[in-house]
Amino acid sequence: MRILGIDPGLARVGYGVIETAGREQTMLDCGIIRTDSGRPEGERMVEIARDLRQLIRAWKPELAAVEKFFFYRSSNTIAVVQARGVVIMTLSRFGLPIVEFPPMQIKQALTGHGHADKDEVLEAVMRELSLETPPRPDDAADALAVALTGWFQR
């Protein structure tokens, strides 16, 4: 199964694509969709949707896993939530099944406890995907963690 993991954001959307076969998981791609902070939010969201469509067409995932947020405390967070809505809409337009996980559930799935720090999650991602070097940037590594959680929680 091919899974696209997404770590939503307005400035950077992390993505990670994994392929699973039996008990093996392989990283196919990871990176970020970066938007220019000097452009209007609407244009940035159009850019996110466009680049995400390209990723979906290129990798043809069978499942999308997206990090879910629960707390909205600042105007910056509102923009992230809006960008997440663009991600969900774009995935839905391709008819992809979508699973969503809050950060604590992702940490639990990868490390066995929901209060893991970033380094513990990164180590788990590297172990599960047999990576010798950490995926960069952090948003891409986070997206791979989301994709792995999608696989583990299926």
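Residue numbering: from 1, along the chain as shown.
Every residue, even glycine, has its Cβ placed from backbone N, Cα and C.
These features come from Swiss-Prot:
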ACT_SITE  D7  active site
ACT_SITE  E67  active site
ACT_SITE  D139  active site
BINDING   D7, D139  Mg(2+) 1 binding site
BINDING   E67  Mg(2+) 2 binding site
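Summary for the active-site residues D7, E67, D139: the Cβ-based neighbour count within 10 Å is maximal at D7. For D7 (active site) paired with E67 (active site), the C-alpha to C-alpha distance reads 6 Å.
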